[in-house]
Each structure stands twice: as structure tokens, then as C-alpha cells.
Amino acid sequence: MTQRLVADRAGITRAADILRTGGLVAFGTETVYGLGADATNAVAVARIFAAKERPTFNPLISHFPDAAAAFVHAMADGRAHRLAHRFWPGPLTMVLPRAAGCAISDLAGAGLPSVAVRVPDSDTARALLAAAGVPVAAPSANPSGGVSPSRAEHVLDGLEGKIDAILDSGPCAVGVESTIVDLTGAHPVLLRPGGITIEALREVCPDITTPHDTSDARPVAPGRLSSHYAPTLPVRLDAQTVAPDEALLAFGAELPGSPLTWNLSQGEKLEEAAARLFAGLRFLDMEGRRRGLRAIAVQPVPTHGLGAAIGDRLSRAACPRPR
Ligand code: TXA
Ligand code: MG
């Protein structure tokens with residue numbers, strides 16, 4: 001049984017108790033719902049991988065109520081402090097060397113000498129993290145490889161009965177996962193585009209590079225599978241036309257001819273498109289299958305600003321997948 005908890009004092013206290021005693025609690029953040037466990041408790045962390053049926057032990061992001069709590073476990077330099085000051089709480093994850101007193105389990109960190117830390121911009125999430133008093137490891141709260149959940153019902157669709165509780169704080173405002181920046185080297189490296197744009201990061205870290213900028217083979221974030229965020233129906237990108245047996249994920253003016261359309265943003269606003277992305281993929285997949293459609297066609301989305309994160313998630317959703 002999965003307990004549904006309301007995001008009030010009592011619900012937050014109950015959720016924190018479950019986390020502290022090794023249980024799994026899904027909770028809303030500004031990006032997507034996370035599946036949380038005490039990051040210092042390897043048995044609890046192992047339960048995350050089991051519930052998600054994640055094939056490999058990818059490193060997880062640990063969540064904290066504030067920067068001071070995060071920097072007990074991760075070694076922060078000047079760049080990390082500047083980024084925290086500008087973007088936390090918010091959709092930025094920093095990969096930093098483990099601090100001497102780091103209590104994050106090797107399983108949560110996948111045995112790496114670094115840890116990924118973030119302070120989410122959600123009052124409920126931060127109240128939960130403060131009440132739990134431990135680093136909380138949390139990948140997106142969906143079965144491995146599927147579309148990330150931006151509402152509590154999406155979490156229950158995939159994980160009902162497999163997790164102890166869900167703390168419902170309503171829909172997620174940003175809708176795509178956090179931007180991940182690796183600060184373990186001489187230059188910051190963007191590992192995953194996300195809710196904080198590269199343009200905004202450059203204002204604080206002008207020397208930030210993406211893995212594609214450098215010829216040396218810097219690893220992208222470990223465990224980032226090329227097929228991910230995948231609906232059941234095939235996804236076709238950059239559609240210039242749409243067939244009568246295709247669902248349409250539109251952006252701006254809709255292509256004519258589809259029997260089923262979800263518009264990410266009629267007014268071509270990237271913030272609105274990011275917030276509606278995962279709900280749209282879920283809707284078109286479910287309703288499209290019910291109506292016997294054969295694919296989801298996706299209209300082009302600009303690549304600047306939040307468009308980089310949207311494009312990254314869509315290209316993974318379109319990747320051929322082993323199923
Ligand atoms: O917005 C988000 O970041 C959401 C919410 C719940 O906070 N969480 C999330 O977690 O997207 P997840 O597990 O889907 O993504 C974590 C990714 C891993 O796939 C891995 O690539 C990267 O973070 N990561 C974690 N630790 C790392 C490390 N030490 N070095 C490099 N990358 C790391
Ligand atoms: Mg995920």
C-alpha cells in the first residue's frame with residue numbers, strides 16, 4: 001500500500017519519519033517528482049533501484065534543504081558557492097568531490113569519488129528535507145526508462161504499491177529535470193541540460209563547456225541512457241507534416257491533419273512548453289494507443305534557453321529502445 005500524504009505539517013512529519021526509518025517517499029520538487037530515500041542508508045537506496053527496476057546502479061542526486069547542509073557532504077569551492085548563491089534553491093545539480101565527512105552511501109554515489117547535490121525550489125520539499133535531517137537520494141519517481149512524473153497521479157500510475165508513500169504537493173512548476181554541472185575539473189562541464197539554462201550558467205561560469213565542446217572524451221553523466229523518457233508509441237522528431245494515424249506534439253501553430261494534438265505552448269513560450277512536456281507525452285501515448293494511432297509526431301522546438309533541455313528529453317524519447 002502506498003500512503004497518500006497531504007503536504008501539510010502532519011503529512012510532512014509522517015513522510016520524514018518514513019524516510020528516516022529507511023522507507024521510500026515520492027515527493028514533488030519544482031522539476032519533477034523524486035523517489036526519495038535516506039542517501040546514507042544503502043539498504044534504503046537499494047530499494048529505490050528495485051522499485052524503479054533500474055537495470056544499473058546509476059549515481060543518484062542527493063537533496064538538501066539548503067546549501068550549508070549540502071556542503072557538509074560535498075566539497076565546495078568558490079565556483080560552487082557562487083552557483084549556489086545564484087541558483088539555489090533551484091533546478092541546478094552540482095557534481096563535487098566528496099567532503100571528508102560525507103555520509104552519502106557508496107551505492108547512492110555509485111562508488112564515484114564525487115557526489116551530486118541539489119537544493120530544490122519547493123517549500124514542501126525543503127520542509128521535508130529539513131525534517132528528515134539526512135541527505136535524500138531521489139531519482140525521478142517513474143519506472144526506469146519511462147516518462148518522468150510532473151504530477152502525483154503520474155507517480156502512482158507507475159509505482160503504486162511499490163513505494164511507502166507519496167507527498168502530494170501538486171504539479172511541478174518547471175517540468176524538466178535539473179541542469180547538472182560537473183565541478184570536479186578545472187573547467188565546469190554541463191553534463192545534462194535542464195531547468196537552469198546554459199545562458200544563465202555562463203553569467204556565473206563563463207568557462208563552462210558542454211561535453212561536445214571538447215575533443216577530450218569527457219564522460220557525460222554516467223548512467224544517462226540514450227533511450228529514456230520513452231512513451232510506448234514511437235516518437236518522430238522535427239515533423240513538418242503529420243499523418244492521420246499519428247498523434248501530434250505541437251509547439252506554436254499546429255500542423256493540420258492529426259486526430260489528437262497536445263500543444264506544448266500555443267504562444268511559443270519555452271517555460272510553458274517545459275512544464276507541459278512530460279504530461280503531454282503521457283497523454284498522447286495513452287490516448288493515442290487507445291485510439292490505435294501508430295506514432296507521436298513532434299513539431300520542432302527552438303534550441304535556445306529551456307529549449308535545450310526540452311530537445312534533450314525529446315531526442316531520448318525518440319531513441320530506438322530495447323523493449
Ligand atoms: O530534477 C532532478 O534532478 C530530479 C529531481 C527529483 O531532483 N532528479 C533526477 O535524478 O533527475 P536522476 O536520477 O534522474 O538523474 C540523476 C543523474 C544520473 O543519471 C547521473 O547521470 C547524474 O545525475 N549523476 C549523479 N551523480 C553523479 C556523479 N557523481 N557524477 C556525474 N553524474 C552524476
Ligand atoms: Mg529520470
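Here, residue 1 is simply the first one shown, and the rest follow in order.
Cβ from N, Cα, C; glycine included.
What you see is a predicted model, and the numbers here were worked out from it, not measured in a lab.
Straight from TrEMBL, the features:
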BINDING   Thr31, Ala138, Ser178  L-threonine binding site
BINDING   Arg54, Asn58, His63, Arg118, Ser140, Ser148, Arg192, Tyr229  ATP binding site
DOMAIN    9-196  domain 'YrdC-like'
Check your understanding: So how far apart do the ATP binders Arg54, Asn58, His63, Arg118, Ser140, Ser148, Arg192, Tyr229 get, largest Cα to Cα in Å?
Key -> 22
Review point. Which residues, in sequence order, are found in the same chain with Cβ within 8 Å of the centroid defined by the Cβ atoms of Thr31, Ala138, Ser178 at the L-threonine site, excluding those residues themselves?
Key: Thr29, Glu30, Val32, Gly34, Ile61, His63, Pro91, Thr93, Arg118, Pro120, Ser140, Glu177
Revision key, fill the gap. Out of the binding-site residues Thr31, Ser140, Ser178, the residue with the smallest number of other Cβ atoms within 10 Å is Ser140
Check your understanding: Which of these binding-site residues (Thr31, His63, Ala138, Ser140, Arg192) have a C-beta closer than 6 Å to some atom of ligand 2?
Key -> Ser140
Revision key, fill the gap. For ligand 1, the binding-site residues of Thr31, Arg54, Ser140, Ser148, Ser178 whose CB is under 6 Å from one of its atoms are Thr31, Ser140, Ser178
Study note, to complete from the structure: Note: in the chain of Arg54 (ATP binding site), residues six or more apart in sequence with C-beta under 8 angstroms of its C-beta are Ile48, Pro139, Ser144
Revision key, fill the gap. The sparsest Cβ environment within 10 Å, among the binding-site residues His63, Arg118, Ala138, Ser148, Arg192, is found at Arg192
**Study point:** C-alpha spacing of Ala138 (L-threonine binding site) relative to Tyr229 (ATP binding site), in angstrom
**Key:** 16
Point to revise | Taken over the domain 'YrdC-like' (9-196), the model's mean pLDDT | key: 96
Check your understanding: Including all protein chains shown, what's the count of other C-beta atoms within 10 A of the C-beta of Tyr229 (ATP binding site)?
Key -> 25
Study note, to complete from the structure: Of the binding-site residues Thr31, Ala138, Ser178, within 10 Å of His63 (ATP binding site) (CA to CA), in sequence order, we find Ala138
Practice item. Provide the number of Cβ atoms within 10 Å of the Cβ of Asn58 (ATP binding site), excluding the reference atom itself. Key: 16
